[in-house]
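Engineer: Take this structure first; my questions come after.
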């Protein structure tokens with residue numbers, strides 16, 4: 001069907017990670033393993049952190065983070081796995097809309113949640129005497145709801161903007177999921193204004209939380225340097241460095257992808273960067289944030305010991 005000079009698209013085609021047929025099975029088993037580890041690792045964190053000894057704001061935020069990580073991987077990876085084993089790599093128009101909305105919603109929510117986690121660590125280290133009063137259940141729930149509401153607003157606006165663009169010509173998306181940069185490359189109209197809107201959204205979504213995180217950790221590091229015990233300083237700084245490592249990975253990958261949304265000659269690089277925040281970081285988060293934590297390890301070991309006895 002035609003509408004003016006523009007073809008009404010009912011589906012898109014995802015190019016996937018690689019066009020080499022001999023690589024498809026290897027990629028399938030690799031990312032099937034990665035996805036399995038993501039789900040198992042984050043489910044373990046969700047189950048372990050409900051233990052009575054871990055009823056602290058930090059572990060509540062970790063549960064939410066694990067849920068978001070599972071959701072992000074589940075929105076992207078299963079479709080990618082199916083494309084490795086099938087020649088049909090099409091995704092319906094509404095499927096693409098839904099996937100884009102979910103990816104933006106989850107990524108934005110996670111960014112603001114990371115800022116909330118940094119604030120939690122700031123209160124725990126810099127204001128330990130008032131920590132339990134300030135970071136009560138109501139405040140923690142409010143921070144999570146604020147993160148999700150921010151994610152929803154950004155996602156609705158960005159998704160609506162993308163799919164009001166006219167798409168004509170090829171319907172092949174040079175990517176492994178529906179995302180903003182590869183979609184606007186398919187538009188047959190001037191997208192310069194939209195690209196500026198993407199840059200503005202990137203600044204609000206990435207740099208605003210990133211600056212809040214940096215300020216929190218500047219205060220934390222200042223407090224750490226005042227600790228007399230070298231062992232206590234190392235333990236506290238180790239927790240901070242893990243969080244900052246993940247934040248830096250998110251910031252670097254997101255910035256390089258979205259600050260130049262229509263740079264078509266770097267799509268292969270953008271695929272690698274997108275893999276980092278949709279598959280690699282969700283797999284690493286349980287190790288970085290929780291399984292290195294002594295309290296979490298102890299609860300996990302006790303739970304495994306009980307299961308083995310049964």
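Every residue, even glycine, has its Cβ placed from backbone N, Cα and C.
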Engineer: Tell me which range among 3-25, 26-48 TrEMBL lists as transmembrane segment.
Structural biologist: 26-48
Engineer: For the transmembrane segment (198-225), give me same-chain residues lying six or more residues beyond its boundaries with a C-beta closer than 8 angstroms to one of its C-beta atoms, as numbers and ranges.
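Structural biologist: Long-range Cβ neighbours of the transmembrane segment (198-225): 107-108, 111-112, 114-115, 118-119, 121-122, 125-126, 154, 157-158, 180, 233, 236-237, 240, 243-244, 247, 250-251, 254-255, 258-259, 261.
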Engineer: Taking the transmembrane segment (237-260) as the first stretch and the transmembrane segment (98-119) as the second, find out whether 3 or more Cβ pairs fall under 8 Å, excluding pairs closer than 6 in sequence.
Structural biologist: yes
Engineer: Cβ pairs under 8 Å with the transmembrane segment (60-78): which stretch of 98-119, 139-163, 272-291 has the most?
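Structural biologist: Answer, by Cβ pair count: 98-119.
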Engineer: Is the transmembrane segment (98-119) packed against any residues at least 6 beyond its ends, judged by a Cβ distance under 8 Å, and which are they?
Structural biologist: 58, 61, 64-65, 68-69, 71-72, 75-76, 79, 91, 143-144, 146-148, 150-152, 154-156, 158-159, 162-163, 177-180, 183, 205-206, 209, 212-213, 216-217, 243, 246-247, 250, 254, 277-278
Engineer: Can you work out which residues elsewhere in the same chain, 6+ from the ends of the transmembrane segment (272-291), have a Cβ less than 8 Å from its Cβ atoms?
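Structural biologist: Contacts of the transmembrane segment (272-291) (Cβ under 8 Å, skipping residues fewer than 6 from its ends): 17, 31, 34-35, 37-38, 41-42, 44-45, 48-49, 62, 65-66, 69-70, 72-73, 76-77, 103, 107, 175-177, 179, 242-243, 245-246, 249-250, 252-254, 256-257, 297, 300.
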